[in-house]
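Taken straight from TrEMBL:
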type	residues	note
REGION	1-33	region 'Disordered'
TRANSMEM	41-66	transmembrane segment
TRANSMEM	86-104	transmembrane segment
TRANSMEM	111-132	transmembrane segment
TRANSMEM	152-180	transmembrane segment
Amino acid sequence: MNPDNPAGDTPRGDDPAGQTAADPTAAGESAVRPGRRAQGVAAIFLIAAAALLWAASRMTWAQVYAEDGLGAPRIFDVLGADWSPWLLAIALFFLAALAVQFVLHGVWLRVVAALIALGGVAVAVPAISLLSSGDNNLYAAEVIDYPARYEVVAVTTSGGAGLVTLTAAVCAVIGAFMMARSAAGGVKMSSKYASPAARRAELEQRVFAERDARIADAAAAPTEREFWDALDEGVDPTDERP
């Protein structure tokens, strides 16, 4: 028996329940951490997708060779923004969704994730068209303005621009998946951002649960002091008979 603690009670400083009560936000913050991680990963992929789309919009997707019969042939560059004007618009949408995901929850967050996935599919379509058609793609001549006297004689395309755009589409789909996963995980605001009434109700619920647990533990296991008092009274504390 410990002479400094004759009753055999557990010191307050070693009580795990007491430590939990001393930090009322620990449980709330640990509950939201997995969802926040998913949102962080989604943010990284969405930023990457937006940056790649911006780069793809400024890259040369094709070159149109045309001549007018009066001089040397001219070369007209077809940029990504010419081939698909939606690249920059979808990139801006990804950045907007990146900010919105930290505000919306549940069903609405899933809706945003679905729209992001659709945006990823949308930007993949022109990239696939570029890669599958190869050179002599007449669509390149249709999306640029050149003098009417010129006649297109050849078209060359750049596969690198298509690969960059496809990478952006993949990043967008992965970001959408992680965003939907964070919504399915029941992400909620941390206790330190909750209203005072919500924090008070959460704290009261935790304190009462810890108190009931301590009472149950005390009733289930007699203390060392009670053990010696029973021996002094001539009662065998190990006798389980009623």
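Here the Cβ of each residue, glycine as well, is placed from N, Cα and C on the backbone.
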Take the C-beta pairs under 8 A between the transmembrane segment (41-66) and each of 86-104, 111-132, 152-180. Which stretch has the highest count?
152-180
May I ask for the residues of the chain that lie six or more residues beyond the transmembrane segment (111-132) and have a Cβ under 8 Å from a Cβ within it?
46, 49, 53, 56, 61-62, 83-84, 86-87, 90, 93-94, 97, 100-101, 104, 139, 157-159, 161-163, 165-166, 168-173, 175-177, 179-180, 183
